[in-house]
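Q: Sharing the features that Swiss-Prot gives for it:
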- 11-193: domain 'tr-type G' (DOMAIN)
- Asp23, His24, Gly25, Lys26, Ser27, Thr28, Asn140, Lys141, Ile142, Asp143: GTP binding site (BINDING)
Amino acid sequence: MNLEELKKRQEKIRNFSIIAHIDHGKSTLADRILEKTETVSSREMQAQLLDSMELERERGITIKLNAIELNYTAKDGETYIFHLIDTPGHVDFTYEVSRSLAACEGAILVVDAAQGIEAQTLANVYLALDNDLEIMPIINKIDLPAADPERVRTEIEDVIGLDASEAVLASAKAGIGIEEILEQIVEKVPAPTGDVTAPLKALIFDSVYDAYRGVILQVRVMDGVVKPGDKIQLMSNSKTFDVAEVGIFTPKAVGRDFLATGDVGYIAASIKTVQDTRVGDTVTLATNPAAEPLHGYKQMNPMVFAGLYPIESNKYNDLREALEKLQLNDASLQFEPETSQALGFGFRCGFLGLLHMDVIQERLEREFNIDLIMTAPSVIYKVNLTDGESMDVSNPSEFPDPTKIATIEEPYVKAQIMVPQEFVGAVMELAQRKRGDFVTMDYIDDNRVNVIYQIPLAEIVFDFFDKLKSSTRGYASFDYELSEYRPSKLVKMDILLNGDKVDALSFIVHKDFAYERGKLIVDKLKKIIPRQQFEVPIQAAIGHKIVARTDIKALRKNVLAKCYGGDVSRKRKLLEKQKAGKKRMKSIGSVEVPQEAFLSVLSMDEE
């Protein structure tokens, strides 16, 4: 194509994404748009078409991003090129959302007509506003009996401050309002503004590993043109690759002769590892590089850590291969080998958050058939030592000797909890119990309140979300972002079985809660660990100080069963003999710890 045609084509491009809270109908709306523009034949259509991972469908969440090109002939007779970039809506994947939004000029904000605005809707809207996107509100699910579109319209205007007078009332499920949405995209979403003649700049917003072609980059071209045969360079690490193929997705990959400014598509350049291609990085040409990269790229750091161990120790290498394969598609997953006396060989893994951790664990078990034991999740603590050094510790077993520690700082998050008014008391009580500090509270409408707390991340990692849902009958929605590190009175608690430390059961706890936490755990373990032939003491210790103890009584055989009557000294001899045997057993015996014991430590609470 010559320059004129390229510029004309650029004016017809519309890049947009759909943002919504979980379950407000985002994937269904995407399905309808694909049907309406006849991108996918009705034979190939299946629900949640863009959620290609089995797990995404099952949980009804979007994890990986997908970008699709559609052609739409508008009422003005012109054919427009739409690029729909699907985003995950969950708090763990916020960075993924922000990158996919950076690849767009507009965003469709889907709000449920019955539920109204939720915490994650807000979080994602602010990301879209940060990226200067044109936001089009849509009120979805208007066919529900509980729908109240007018209330939601005023809510959008009051809480977010968007003009919702032209918000389309739609039902993605019933296919109502889809055409108006498409027309609004043409009118409201601006065309891409880049310069075709400038040096190439393309934003990587995702990367997928393909066994035959290596890493395939999903990119949005901001300036310039890229075609097969070009030599590209990644700006964060200056590595260069030769482009083998470029193309677009119509969910299937379709090769093209070039990608020009405004296009969203893929580049295959036989790149070996996803580690080279960080999401948010800028691709440019090695021969004529851009002067500076696109802004907004940041290295994603894991917030939550846990040990993963295969239940069968001979599966260790399989687990490593499985983690490496997952890492190919998920650069935010980090892992390194670690060993535990209790669990053998395994890996210490870092995750973006709890959902991310859950999803990875489930994919390992499901796609790679590896049964796992997972240790208690922990966060990164900053430990300041008495000699002036400081260190980051994410694994309780690596904590230095308590006498060498001056202070420990732990990460706090700013948690936004949206909840109906009647549950505010329950939410505040929960947040206080989790050592939260109240920040502020705003009324969204007559009934809903946005409560903001500063809560230690370590408290959220355990079971905050489940507790929040159960104390508010499922009505609360929750979003968090890391705010700062603060000094806290933290101690490391060890669990001893039969006098031996079980390293996998160690955890970090606040000093004020140490006693009750220790007592709870030893009582819980007492119920779970099967009785042995000898008595087993279970102790919770901080340093050398035992704070809680309970004993599992020994199983004993009735050695007197065959003495009918008879001399008492005969009975005593048999009992003494049994006692000596138990004693010897105790000194050499080891205790089997069942898997539930590790899990029970995770679900610690005042049950």
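Yeah, the Cβs are placed from backbone N, Cα and C, and that goes for glycine too.
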Q: Within a 10 Å radius of its Cβ, which of these binding-site residues (Asn140, Ile142) has the fewest neighbouring Cβ atoms?
A: Ile142
Q: Take the Cβ of Ser27 (GTP binding site) and count every other Cβ within 10 Å, whichever protein chain it belongs to.
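A: So the number of other Cβ atoms within 10 Å of Ser27 (GTP binding site) is 23.
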Q: Tell me, by DSSP, whether Ser27 (GTP binding site) is helix, strand or coil?
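A: Note: Ser27 (GTP binding site) is helical by DSSP.
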Q: Mind looking up the mean pLDDT for the domain 'tr-type G' (11-193) in the predicted model?
A: 72
Q: According to DSSP, collapsed to three classes, what secondary structure does Asn140 (GTP binding site) have?
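A: Note: Asn140 (GTP binding site) is in a strand by DSSP.
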